[in-house]
Amino acid sequence: MEPVDPRLEPWKHPGSQPKTACTNCYCKKCCFHCQVCFITKALGISYGRKKRRQRRRAPQGSQTHQVSLSKQPTSQSRGDPTGPKE
């Protein structure tokens with residue numbers, strides 16, 4: 001064991017960083033690649049914001065879904081069935 005400079009932070013010690021970069025793979029080897037991989041992949045802990053998935057848009061030529069929606073009867077609005085009070 002080689003001596004470590006006590007002024008260095010623990011995460012900057014030699015040998016603390018893996019020689020290969022982290023990947024998006026979730027196999028057992030990659031899950032135990034480093035501490036960050038273990039926490040995020042093996043334990044599933046992430047503190048970042050979750051990205052919202054964008055819906056797939058239909059091609060420009062297909063408007064059939066919108067047409068079929070307009071043919072359906074409109075549902076009554078929820079709320080007071082007697083109407084607005086004045």
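Easy rule for this one: first residue shown is 1, then count along the chain.
Using N, Cα and C of the backbone, Cβ positions are placed for all residues, glycine too.
Taken from Swiss-Prot as is:
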{"type": "REGION", "residues": "1-48", "note": "region 'Transactivation'"}
{"type": "MOD_RES", "residues": "K28", "note": "N6-acetyllysine"}
{"type": "REGION", "residues": "38-48", "note": "region 'Core'"}
{"type": "REGION", "residues": "48-86", "note": "region 'Disordered'"}
{"type": "MOD_RES", "residues": "K50", "note": "N6-acetyllysine"}
{"type": "MOD_RES", "residues": "K51", "note": "N6-acetyllysine"}
{"type": "MOD_RES", "residues": "R52", "note": "asymmetric dimethylarginine"}
{"type": "MOD_RES", "residues": "R53", "note": "asymmetric dimethylarginine"}
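Where Swiss-Prot records a feature, it is marked here on the structure.
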{"residue": "K28", "record": "N6-acetyllysine", "Cβ contacts under 8 Å, 6 or more apart": "none"}
{"residue": "K51", "record": "N6-acetyllysine", "Cβ contacts under 8 Å, 6 or more apart": "none"}
{"residue": "R52", "record": "asymmetric dimethylarginine", "Cβ contacts under 8 Å, 6 or more apart": "none"}
{"residue": "R53", "record": "asymmetric dimethylarginine", "Cβ contacts under 8 Å, 6 or more apart": "none"}
